[in-house]
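Student: Sharing a structure below in structure tokens format, with a few things to ask.
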Amino acid sequence: SLLQLSLQITPPCGSEQHYEYSGRCCTKCEPGKYMSARCTGTSDSVCQPCGPNEYMDVWNEEDKCLLHKICDQGKALREVNPGNSTFQRQCACTVGYHWNEDCDCCQRNTICAPGFGVKDPVQQDKDTTCTPCARGYFSKVASSTDKCKSWTNCTALGMAEMVPGTDKSDAVCAERKMPEPSEDG
């Protein structure tokens, strides 16, 4: 019959913006809204806007919007993007912390012991990588942010090196004594 033919030509209802209900093809709710009532034989779906702390980022047939996540400072989280009715709020770890997939939480960055410095560069939301101070450099502090510093160059300051630097301490300089007049000069 003619009716069956027209049904076969009609594209299927399962698109991003439509759903099938009671043999009818109905409109889903757009992002930023939820479905307060499904379609009926005579009317299309009824959609309502999400509330103040809610969002919906897809075409949907949900009976409520999703709640925005809370960027809890007590859990070392800060807000990166406030989000809106169609986009989820985004949080990141506060400075000095990084995201750990295992616990789904922010963890304090590794602290590099004296003799070690933070490897370049410190990346937001990544744990610290510590590296031993190379010859000519030192770190006397335990830190999750400080790099190894170079030894003071006593000669360049016109001074004498009294104590050489180590990986944990700077070189110690002292004023040069006035040179004694030399025998040959």
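Glycine is no exception: its Cβ is also placed from the backbone N, Cα and C atoms.
As annotated in TrEMBL:
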- Cys26-Cys39: disulfide bond (DISULFID)
- Cys29-Cys47: disulfide bond (DISULFID)
- 12-47: domain 'TNFR-Cys' (DOMAIN)
- 12-47: repeat 'TNFR-Cys' (REPEAT)
Student: Do me a favour and check the Cα-Cα span between Cys39 (disulfide bond) and Cys47 (disulfide bond); whole Å is fine.
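Tutor: For Cys39 (disulfide bond) versus Cys47 (disulfide bond), the Cα atoms are 10 Å apart.
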Student: May I ask for the residues of the chain that lie six or more residues beyond the domain 'TNFR-Cys' (12-47) and have a Cβ under 8 Å from a Cβ within it?
Tutor: 55-65, 84-86
Student: Could you state the whole-number distance in Å separating the C-alpha atoms of Cys26 (disulfide bond) and Cys47 (disulfide bond)?
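Tutor: One finds 12 Å between the Cα atoms of these residues.
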Student: Test of understanding: give the count of other CB atoms lying within 10 angstroms of the CB of Cys47 (disulfide bond).
Tutor: 18
Student: Across the repeat 'TNFR-Cys' (12-47), what is the average pLDDT of the model, as a whole number?
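Tutor: That region's mean pLDDT is 91.
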Student: Per DSSP, what is the residue count of the repeat 'TNFR-Cys' (12-47) in each of helix, strand and coil?
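Tutor: DSSP composition of the repeat 'TNFR-Cys' (12-47): 0 helix, 16 strand, 20 coil.
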Student: Determine the most Cβ-crowded residue among the disulfide-bonded residues Cys26, Cys29, Cys39, using a 10 Å radius around each Cβ and all protein chains in the structure.
Tutor: Cys29
